[in-house]
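A.B. asks: Supplied in C-alpha cells, the structure appears directly below.
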Amino acid sequence: MRILGIDPGYGIVGYGVVEKLGNKIAYVSHGAIKTEKGEHFEDRLDYIYNQVNEIIEKYNPELVAIESLYFYKNVKTAIYVGEARGVILLAIKHSNIPFVEFTPHQVKLTVTGYGRAEKTQIQKVMKILLKLNEIPKPDDAADALAIAWCAAVSGSDYSSYKKNTK
C-alpha cells in the first residue's frame, strides 16, 4: 500500500511517500511545497491545492495520512494553518482517496517512543527507519514521512476504508 503523509502548513507543506509491503516499509519520496511570503494568501492556498493534486497524481497513493491541528499560541497562525489544511483536505476529497489523521503526539510517540520529541529527533529516526543516506530535509518533509510511517505501522486495515465520494 502506498501512503502519502502530509504535514500541513501555509509557508511550507511537507510531504512524504512510503510503500508498505507486508511488514516492510520502503521509502519512495519526500519534499516540500513552499509558498512565497509576499504572495496574497488566497494565491498561496491555490498553489498548495494545485501542488497537492500534482503530488497525488504523481505518486498515486492508496491512503493519505495528515497531521491534525494542534494548539497554537498564535491564533492567526492557527487560522492560516487551518485554512491550508482545508484546501489539502479538499484536494484529497476530490482525488477520492481515504485519509486518516494523527496528532503530533501520536506521530512522535510512534516514531521515537517519546511524544514530545524534537524535530531533529524525528529527522534522525526517519533516516534510520527508511534507510536513507541523508537526514530528510526540510524538517516538514521529515515530519510528513513520520506521519506516513505512523499510518503504515498503526495496524489498521485501511483497505476497508470507504473512499471519499465526489
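Positions of Cβ are set from backbone N, Cα and C atoms, glycine also.
Feature table excerpt (Swiss-Prot):
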| type | residues | note |
| --- | --- | --- |
| ACT_SITE | Asp7 | active site |
| BINDING | Asp7, Asp140 | Mg(2+) 1 binding site |
| ACT_SITE | Glu67 | active site |
| BINDING | Glu67 | Mg(2+) 2 binding site |
| ACT_SITE | Asp140 | active site |
A.B. asks: With DSSP assignments reduced to helix, strand and coil, which class does Asp7 (active site) get?
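C.D. replies: In the DSSP reduction, Asp7 (active site) maps to strand.
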A.B. asks: Can you give me the Cα-Cα distance between Asp7 (active site) and Glu67 (active site) in Å, rounded to a whole number?
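C.D. replies: Cα-Cα, rounded: 6 Å.
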A.B. asks: Using C-alpha atoms only, work out the spacing between Asp140 (Mg(2+) 1 binding site) and Glu67 (active site) and round it to an integer in Å.
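C.D. replies: So the Cα of Glu67 (active site) lies 11 Å away from that of Asp140 (Mg(2+) 1 binding site).
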A.B. asks: Under a three-state reading of DSSP, tell me whether Asp140 (Mg(2+) 1 binding site) is helix, strand or coil.
C.D. replies: helix
A.B. asks: Which residues does Glu67 (active site) neighbour through Cβ under 8 Å, counting only same-chain ones at least six apart?
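C.D. replies: Long-range Cβ contacts: Ile6, Asp7, Pro8, Glu101, Phe102, Thr103, Pro104, Val107, Asp143, Ile147.
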A.B. asks: How many neighbouring Cβ atoms, not counting its own, are there within 10 Å of the Cβ of Asp140 (Mg(2+) 1 binding site)?
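C.D. replies: Step by step: centre on the Cβ of Asp140 (Mg(2+) 1 binding site), count other Cβ atoms within 10 Å, giving 24.
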A.B. asks: Using DSSP and collapsing to three states, where does Glu67 (active site) fall: helix, strand or coil?
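C.D. replies: SS state of Glu67 (active site) = strand.
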